[in-house]
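Scroll down for the structure; my scribbles are underneath it.
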Amino acid sequence: MTEVKREVFGQMPQEEGGGVVEKFILKSDSVKVEILSLGCIISALEMKGRDGECSDVVLGFDTLEGYTRKHPFFGAVVGRVANRIAKGRFAVDGKEYQLFLNNGPNSLHGGARGFDKVLWSPQVLPNGICFFRLSPDGEEGYPGDLKVWVTYTLSGRELAINYRAQTSKTTPINLTNHAYFNLAGQGSRDIYDHEISIEADSYLPVDNTKIPTGEVAAVQGTGFDLRQPVKLGKHLQKFQLDGFDHNFCLPGPPPARHPPTGRAMEVHTTQPGIQFYTGNNLDGSLKGKGAIAYPKHSAFCLETQNWPDAINKPHFPNALLRPGEEYNHTTWLVFNTA
C-alpha cells in the first residue's frame, strides 16, 4: 500500500505570482518520496541501506526559498525541451523559431522560465500524484498550446514517472526529471565509490558547447563503455575524464549501486536516450539540506530523454509532437538494497 499525504510547503514570492506551493508525500513500506507542486520537484527520496538505515538520496533544499533562487534544476521536471538546442534555433514546417539563450550560445532545459520554475495543478491519486499545466502558445518561444500531465506513482520499491502531452500546433518536446542522486545519502562528499553501468553500445560525442556533433559513436574501447559496472572514481581517473555529461543511446536499463551501503537504483524507460551527468558544475557554492555544501561530483543524474538537439538532427529520433498525437513516455526508478 502507498500512503499519500499533502501539506503546504510555502508561498511563491509576489513577483512570481505568490501562489501556494504544496508538498506531496508518497510512502510505501520501503521508499518515501516528497514532491513539490513547483516544477514537479522531487525534493526528498528516502530509501533503506542494508543496515536498515534510511537516508535521503536526492540533493535539494529544506525550504522553498532555495528552490526559488538560481539552482541547477535540482529534482525538477524540465521542458518544454530538456537538454540543449543548438543556438536556440529550430524550424517547424518551414517556419524558423528563436529561443532565449541561457547556456552559452544554446538554449537549455526550456529557457529562462521553463517547466521547473512554474506552479503545476495537482490531483491526488490513490498511489501517487498527477500534475497538470497548460504551456501557452509562444511560452519561451515555443509554438502551440501544450497540455502537459506528469504523474508520479509509488508502488513498493518502484517510482514511476509518466509524461503525457497534447499540442495545438506542431512543437518540439522532450521531458525529463533532473533529480541529483547520491546513494550514500545527499550531502556525502562525492560519488566516486558508486558503481554505474549503462547498457548502451553507442553514445553521442559533443562539441565544446555540449551540442552533439551528429555522430553516433561506438562506446567500445572508450571511457564511455559502461556496459559492465565500473567504480566511478577509478574510471574517471583511468580515462582522465572530468566527468560525464553525455547522452547514451539506450537499449537497456542502467543500474547504479553504492556498495558500502548496499543501496542500488535501476532506471527503466521508454525513451531512446539517457543523459548521464556527474554533477561537474556543482562547485560547493550552493548550500543544500542541513546547510551542507554540494561540491563537484557529489551527485549524479540519469536523465531519461530523447537525444539532445534532435530537432536539428534529422537522423536522430523524432522530436516533434503534432496536433492529434499524444506524447507519452514513462520512466521507472527501482530502489533496491543489495
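Note that Cβ sites are derived from N, Cα and C of the backbone, with glycine treated the same way.
Taken from TrEMBL, the feature active site, proton donor applies to His178. Within 10 Å of the C-beta of His178 (active site, proton donor) there are 22 other C-beta atoms, taking all protein chains into account.
The annotation active site, proton acceptor is assigned in TrEMBL to Glu303. Glu303 (active site, proton acceptor) is surrounded by 25 other CB atoms, counting those within 10 A of its CB over all protein chains shown.
Its Cβ placed at the centre, Asp245 (beta-D-galactose binding site) has 17 other Cβ atoms within 10 Å. As annotated by TrEMBL, beta-D-galactose binding site applies to Asn83, Arg84, His178, Ala179, Tyr180, Asp245.
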Under 8 Å by Cβ from Tyr180 (beta-D-galactose binding site), counting only residues of that chain that are 6 or more apart: Val58, Leu59, Gly60, Pro72, Phe74, Gly75, Gln186, Gly279, Tyr294, Ala299, Phe300, Cys301
Listed recorded positions Arg84, Asp245, Glu303, filtered to Cα within 10 Å of His178 (active site, proton donor): Glu303
Under 8 Å by Cβ from Ala179 (beta-D-galactose binding site), counting only residues of that chain that are 6 or more apart: Ile42, Leu45, Val58, Leu59, Phe74, Gly75, Cys301
Rounded inter-Cα distance in Å - Asp245 (beta-D-galactose binding site), Glu303 (active site, proton acceptor): 10
Asn83 (beta-D-galactose binding site) versus Glu303 (active site, proton acceptor) - Cα distance in angstrom: 9
All-chain count of other Cβ atoms within 10 Å of Arg84 (beta-D-galactose binding site): 23
